[in-house]
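Structure first, commentary second.
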Amino acid sequence: MAAVVCALHAAALAWYVFGLWQNVQVTGSTLGHGAHTYGGRWKYLTFINQVLQTIFFGVCVLADLCPLFVSRKNGLGSFIVKLRDMIFSVLAFPVGVFVVTSFWSIYAYDRELVYPEVLDSFIPQWLNHAMHTYVLPLLLIELFACSHQYPNKKNALLVLGIFCLAYVSWLLWVHQASGIWAYPILEKLDAVGKSLFFATSFLIIIPFYQLGESLTRLQWGEL
C-alpha cells in the first residue's frame, strides 16, 4: 500500500509541475488585469493554489521516500510528515476546495466575472480544468489514500485566517499600486460589496477546513 501511495504522490507531483509549467508559458492576454500586469500571476488565487498543491505533493514524496534514506531515530522524517499533514489540513485542502467551488459557482452565474471568454483563445480547456477542476478529485484521493494528523483547530484556523488576510491585503495592495483588480467581479462591486465578498469568502473557506477534518475522521477514525 505504501508503494501505491508513493506512486500516487509522484504522479500528482508530476501533474502539478507540468500544469504549473504550462501555466507560466501562457502568453497573449490582452486583459487589463492579465498575468503580464502588476503582480503577475501571483495576484490570482488559482496560481497561488497551483504552487501550494505542487509544494504539498512534493513534501508528500519526500515523506514517502524519507524512511528509505533516513534512520527512524532521525527526527527529520517525523518533521516532514508533520509538515505534510499541516500543509494538507490547514491550507491545501480548504484553499483547494475553495478555488474549485468559488470559481465554478461564479462561472455558472456569469463567467465574465471570473474567467472572461477571451481567455479561451489562448488557455486550453485542459489547463483550465487542471487549475479549477482536477484539484478537488486529487485532494479527495489524497484524503482517502493517506492519513493526516490534524492540528489543534484554533491554531489551524489562525493560520488559515492569516493566509486569507494576507491574500486580501495583497489584492488591495495590487489595486492601490496599479489600479488593477485581479478579478473582474471586484471591478463591479463598490466598497461595501467588496467587504461583503471578502467576508463571505472567509466564512465559506472555514467549513471547508471542517469538511476535511470530518472526512479524515470518517475514513481514518481518531488519529
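Just so you know, glycine gets a Cβ as well, placed from its N, Cα and C.
Under the heading transmembrane segment, TrEMBL lists 43-65 (among others).
Distant neighbours of the transmembrane segment (86-106): 45-46, 48-49, 52-53, 55-56, 59, 113-115, 131-133, 135-136, 139, 142-143, 148-151, 156, 159-160, 163, 185, 201, 204-206, 208-209, 211-213, 216; these residues of the same chain sit at least 6 beyond its ends, with a Cβ under 8 Å from one of its Cβ atoms. Per TrEMBL, transmembrane segment is recorded for 86-106 (among others).
Tertiary proximity for the transmembrane segment (126-145) is limited to same-chain residues at least six positions away from its ends with a CB under 8 Å from its CB atoms, namely 4-5, 8, 12, 15, 19, 22-23, 26, 46-47, 49-50, 53, 60, 88, 92-93, 96-97, 99-100, 103-104, 115, 119, 212, 215-216, 219. Annotation comment: TrEMBL describes 126-145 (among others) as transmembrane segment.
If you look at the transmembrane segment (157-175), the same-chain residues 6 or more away from its ends with a CB under 8 A from one of its CBs are 38-39, 42-43, 45, 48, 90-91, 94-95, 181-182, 186, 198, 201-202, 205-206, 209. Here TrEMBL flags 157-175 (among others) as transmembrane segment.
As annotated by TrEMBL, transmembrane segment applies to 195-212 (among others).
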